[in-house]
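Colleague: Annotations per TrEMBL:
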- 1-279: domain 'Tr-type G' (DOMAIN)
- 2-9, 70-74, 124-127: GTP binding site (BINDING)
Ligand SMILES: Nc1nc2c(ncn2[C@@H]2O[C@H](COP(=O)(O)OP(=O)(O)OP(=O)(O)O)[C@@H](O)[C@H]2O)c(=O)[nH]1
């Protein structure tokens, strides 16, 4: 995981080559990498969907099977990172040795904290001019709040970077020029000039370990110098004990240059040595299907009942739909029936594949700890649990952030409309971070996603992979609506009598705003005045009304609806009648409950030379933004501000011209907030919904 362009894909290519999983080294700029396998990824040179590739690494004669997932760095694809972290046991964070800890590295670091994933840091690109290992280590401490365990020091710098000093083994590892792909390295004594620095680094390492590991403290205080194996063990214990939010993350730090093929084998040694296996990660926690408070535990053991999480759905050109599973407990084999408790569905496992760099291996079964792809699942989508039908449970779901930008899509013909339907269904299965809404009046389909790049990629895939011809509007802000007041009682009677069977339903509801974006439906009807079977229809009606909003056609969120009372007719009442009554009652109630328009606010981080600081801040204010903090960075300033997304269109170009191209920025979603009245009026008036 890393900030965009830190070199994850480049490092992954080397890992696959050195582990023997692939016979060549692909390059991002040639479009020949293994994990960036879609046309989109190769053309754009960025990783969109993370591939899961299984390979093997041998350390001290022991075989370590590893499944590697390369995650995307661009902020629009944070969800993809999120779902990978959810199922990973450990992570390697790659940093650009010149840029150090960048904003997106911080974001993914916090995500890893959330899922308690222990991690190793790899400071990459030390061959580049301006690379500074010590500064990067410093930033790992200050920006990420982590405790770095420096295990390597660079030998040489920039173009002269030749290898690393292994601080634990006290030796120099250098990559000879004749080994073009870095396939082997030489081991020698630490060069004399580097001995003082290496000794200091070693002393600091042992001291830090003693601070964070009780067992090592005893050794440290003893008279005998700890052995290499004892130090490795202590690094491992300290790494595994961290990764939670309540303790500082202790993290081994290594360095190299993936592009120049230096430093990757020791990184693999470190993965095998220090990162946890599924057994180290231990028991996984879920809850009972019908009761979220009843905890269900599963040990990572083939003998336990089957439990797995679907973390990715992909469409393979030859095989069709593939679902990637992380198996936490039990075994599954091709032909087995499993259950998806969220959809109350049975699913049949068609085939089980282990994915390698350039081929897939058809395996008979998969067990606890495995990451595999299976064929044959129909209804399971990303983030859902699969389990033994006789021992159901639901594993902790993933949080998906809110889509903030949308585009309207108008298919060119009826045939394209149908293709669009298929495309949306497929893409939604793969990517839970985009939403689809059909606008009833204009018939437009509205896609909302995490950012311009995300929507561009979705639309591009729709066209290329599914052959949809469509007019696509310009990206615009995905506003929302919410309520500001509670309304105690609103009654609606739906009644129709034209000839034969009539329609009758009466509901009395109350609505009130909720602090978060959730929706709750509470049934308070007594005495069967709304028969049980019809209550879910009222709920559905309210939800349908919420989708369409009451101000400007934007989805309404953050509401509790209470069904207070109602009435029915023995013959004329139906689910449909109660649905319509619920929908109409909700619409009326919401109009009375001071609805407001909400807009997404973005956290914008601008790195700028000090000379342009005034210019940058002034521009942020002009965009209705607020500066939250200004921090010093070596030679530059880092401005953190919150700015409405609606004011951020064209910012890339503006910032460039205001700062002669010297400033850069990143942004990510922060929160939704009410739109100022005058602006809201313009949005409502201009809405085509
Ligand atoms: N000089 C130098 N360039 C590198 C190194 N590692 C990667 N690069 C280059 O940096 C660019 C980005 O590398 P990627 O491997 O695509 O980075 P990434 O982190 O996978 O990027 P995303 O997948 O888009 O997030 C490519 O042009 C690489 O060739 C390195 O060690 N040294």
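Quick reminder: no glycine exception, Cβ is built from N, Cα and C everywhere.
Caution: TrEMBL annotation is automatic and unverified by curators.
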Colleague: Let me make sure I understand the structure: which of the binding-site residues listed (2, 5, 8, 71, 126) has the fewest other Cβ atoms within 10 A of its Cβ?
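Modeller: If we count Cβ atoms within 10 Å for the binding-site residues 2, 5, 8, 71, 126, the smallest count is at 5.
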Colleague: Looking at the domain 'Tr-type G' (1-279) alone, can you tell me the average pLDDT?
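Modeller: Across the residues of the domain 'Tr-type G' (1-279) the model's pLDDT averages 86 on the 0 to 100 scale.
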Colleague: Per DSSP, residue 5 (GTP binding site) is which: helix, strand or coil?
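Modeller: Residue 5 (GTP binding site) sits in coil per DSSP, no helix or strand.
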